[in-house]
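To keep things clear, I will list the structure first and then write my remarks on it.
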Amino acid sequence: MNVAAASPSRVLVAARELHKAFPGTVALDGVSLELRAGEIHALLGGNGSGKSTLTKALAGVQPADRGTLVLGDAEHDASTFTPDDAWEAGLRFVHQQPSTFPDLTVAENLAVGAQFERSALGQISWSRQRRAAQAILDRFEVPVSPRARLSDLSAANRTLVAIARALASQREEGSGVLVLDEPTASLPERDAQHLLSSLQRYAAEGRSIVYISHRLPEVLQIADRVTVLRDGVVAGSLERAEIDHDRLVALIVGGQLDHRAAADRPALAAGTAPAVTVRGLACGRARGIDLDLRPGEITGLAGLVGSGRSSILAALGGARAAAGDVTVDSRPLALGSVAAAMAAGVAYLPEHRGDMGFFDHSLTDNLAMVVMPRYRRGLGSIDRAGARRAARELISGFGVRAASEEALLSTLSGGNQQKVLLARWLQRDPRLLLLDEPTHGVDIGARAELHAVIRAAAAGGAAVLVASSDAEELVALCDRCVVLVAGRISAEVPCADLTADDLNTLTYAEAR
Amino acid sequence: MNGTTEADPMEAAGAPAARSGEARSGRSGFGHTVEALTLALVTVALCVFFGVWGETSATFPTTANMEALLANQAVLGVATLAILVPLVCNQYDLSVGANLGLSAVLAAKVLSEGAPLPAAIAVALAVGALGGLVNGLVVTRGRVNAVVVTLGTALVMTGAVNGITGGQAIIQGIPSDLISFGSSQTLGVPNLFLVLVVLALLAWRVLEHMPIGRYLYALGSNEEAARLVGLRPQRLVLMSFVTAGLLAGAAGMLMVARTGGASPRVGETYTMPAFAAAFLSAAAIRPGRFNVFGAIVAIIFLAVLKSGLNLAGVQPYVSDIVNGVALVAGVALAAYLGRRRLRAARGS
Ligand SMILES: Nc1ncnc2c1ncn2[C@@H]1O[C@H](COP(=O)(O)OP(=O)(O)OP(=O)(O)O)[C@@H](O)[C@H]1O
Ligand SMILES: [Mg+2]
């Protein structure tokens, strides 16, 4: 790295032997980590390996049970480390959970947790606050107004505000640590690229950046060093020269990836009648959408953010009002009602799992919610034991890492929550399976497993429609891809000989 | 970063804002102003209506009625402020009325035993704050839901009031200075209403223009995010309950001044009307969120409605029903406007 400000080997933060246990899980089991000035340090690991727990321990918002944190010259007991200590030491965070305030304005969001511009009487000076906010937004090229409420912004812009907040309060060049926990999960490709190049600039100024991601191409692109966690311990560290895709995968999954090929599925018989027909669907930006979805076929929806992918899935799932003619098994589907869609055999997994989980309920409750009639017994009572048994089977079948089927959904790592929600819908044996970014935030091991599960669902007779911003994923998973540009279908291509680059070329086609 | 500028309404709700920069602030523009002032305008219209309506034109627009109307709202207004502070961070304090009653009774009792006025004020505030502290500690340390905690402490306080007074009102020995302060005006405005205005200004300044107030709103908006940015949710919640208690104590003192004493069963009757006004505050001035001036507008709106109907000779139960309907309609209107605003923002 071209580090001018500091010697590259200077250690800014060292964590030693961090331990953190939750009831039923040891999240960190003696993790040590050194962060050097001027480096981008990628922190990798499967879902539930302890990355976010480590982040929160460094932030002091959820202190470790024991261990030591060395910040510059000061040594702290990690179990009594506070957010103020972290702030003082120049540590800044973008956490995995959305950590912005929907009811407050952008200007306020930038100030809460950092600093308000205040006048002599301790009162907030709003004009100065807004000017400061505007300067930050300009500097980090976030295209929003300081007066806008966060709830009015897109997920991507909300993420950008959280990132700008963390970056803006960094002190002078050549110091400070920035930790980003899956910041690109909800960012479109171009914003993600922009972020990556900004990060490289900050690192070059002498800061230390911890970058957590499941997207290996990003890691290969920017990481100077990699630490991989597995089951709460450091599975290995790699220096720049040692980093390559296969090594990373081996460290993350602790063995070989399970490559169950798409070829396992029987080829579609030509002329299979479609299970689902869509004619003239209009919803949000999407207009005049015609689709035929055959049972056993996996169709990909490719397109930029804003091309209408999510709208189409939401419309078919009944979650958004829409116009058009849709039939499932030749019967017309009433649009605009999730209940009607479910009754017709449609299962819809939206993009933001935050909208779909009952987080303060057990996995059993979350899984049973959509198949309650199965567990109904006389007098309207519920067969708890049956529901728990089914939950246990789903948990092991989908490889969910959880203490038990009675664990609360909120205690699972992000990727494991996604598996639970997918399992919830697949147990209904849907006719039409709608998946919006099904592997967002899911580790590569689990991703391969999820793909296998989706293929199995298709082989079982479901028509599958998958939207993803990841061209690699679509090409690997789907039989054919439908490309959306500005709300209309611009191309339809079989995936057999398609490469991710071809698909990207199509999606960016007329976008400028 | 520019990837989102051609965004779909659902996938990138902020895109219009992105393109037009300042334009979509969510807080400016004519439509928004009308929205913010709807309840205030309805209140003015109601005043005009009762001023010219045959049934009330002789009694409603009189100085005496206006003075009574405002003075009567002081205790309720301060109680509403007390409820508002924890409500901003999503905590319900159901004990404000009972706490107000207990503070009033104890202040009246020390006055009747000859203590000087400042001492009585100190007693009222201390009792109120202590009640709030207990609420706050049980909620934050004991991790018990605030609704349950404050329901319990309300019962305890009500019991204590009855024990102290033996069910009798305390009216002896209240200094005449206090009573005359409570029944006179400055520049034509009832003194008690002025006290409310001062406290409301203070609350507004703290909630809207001091960092601590913004932290409370932030906490109410997303507790997990508040924790992740290093705020201390427990401490903020504790503080909000103590503040609520202090304000309840102040309201108790105002009640002593207004009624020349303290009767045991009056305090708790303030809880529900104060909650009504606090909820209705989200329909005015700053639509979609609980706010101080919205609460003041709501209180005056409800008071005008009630006073006008009373003067028209309508049975009290009818005016209760009208009040209830107005509350729900107002809050539903606020929710509708909020949804419309969101839809407009998302461009669909
Ligand atoms: N609050 C909590 N209560 C109980 N268990 C928890 C809690 N938070 C995390 N865990 C557990 O600790 C382990 C590590 O979780 P963590 O969130 O750190 O994983 P992660 O590496 O960030 O995963 P992901 O890639 O899915 O985000 C998991 O097994 C998780 O279930
Ligand atoms: Mg995580």
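First residue shown is number 1, and so on along the chain.
Every residue, even glycine, has its Cβ placed from backbone N, Cα and C.
Automatic, uncurated: that is what TrEMBL annotation is.
What TrEMBL records for B:1-26 is region 'Disordered'.
Tertiary neighbourhood of the transmembrane segment (B:34-53): same-chain residues 60-61, 280, 283-287, 294, 297-298, 300-301, 304-305, 307-308, 311-312, 330, 333, 337, 341, selected by CB-CB distance under 8 Å and a gap of 6+ residues from either end. Taken from TrEMBL, the feature transmembrane segment covers B:34-53 (among others).
What TrEMBL records for B:68-87 (among others) is transmembrane segment.
Taken from TrEMBL, the feature transmembrane segment applies to B:117-139 (among others). Residues 91, 93, 95, 99-100, 102-104, 106-108, 110-111, 145-146, 149-150, 153, 157, 175, 177-178, 237-250, 252-253, 256 of the same chain, all 6+ positions outside the transmembrane segment (B:117-139), place their C-beta atoms under 8 angstroms from a C-beta of that stretch.
Under 8 Å from some Cβ of the transmembrane segment (B:146-171) lie the Cβ atoms of residues 86, 91-95, 97-99, 101-102, 105-106, 108-109, 112, 131, 134-135, 138-139, 237, 241, 260-264, 267-268, 271, all in the same chain and six or more residues away from its ends. Per TrEMBL, the feature transmembrane segment maps to B:146-171 (among others).
The transmembrane segment annotation in TrEMBL covers B:191-207 (among others).
Outside the transmembrane segment (B:236-257) by six or more residues, the chain places 74-75, 78-79, 81-83, 85-86, 88-89, 91, 93, 95-97, 99-105, 107-108, 111, 120-121, 124-133, 135-137, 139-140, 146, 174, 178-179, 181-182, 192, 195-196, 199, 203, 212, 215-216, 219, 226, 266-267, 270 with a CB less than 8 A from a CB of the stretch. According to TrEMBL, the feature transmembrane segment maps to B:236-257 (among others).
As annotated by TrEMBL, transmembrane segment applies to B:269-285 (among others). Residues 36-40, 75-77, 79-80, 82-84, 87, 94-98, 100, 154, 251, 291-295, 297-299, 301-302, 323, 327, 330-331, 333-334, 337 of the same chain lie 6 or more positions beyond the ends of the transmembrane segment (B:269-285) yet place their CB under 8 Å from a CB of it.
Positions annotated as transmembrane segment by TrEMBL: B:292-309 (among others).
Under the heading transmembrane segment, TrEMBL lists B:321-338 (among others).
Only residues 6 or more beyond the boundaries of the transmembrane segment (B:68-87), in the same chain, are considered here, and those with a CB under 8 A from a CB of the stretch are 93, 96-97, 99-100, 146, 182-183, 189-190, 192-193, 195-196, 199-200, 203, 207, 216, 220, 237, 240-241, 243-248, 250-251, 254-255, 258, 270-271, 273-275, 277-278, 281, 290-292, 295-296, 298-300, 303-304, 307.
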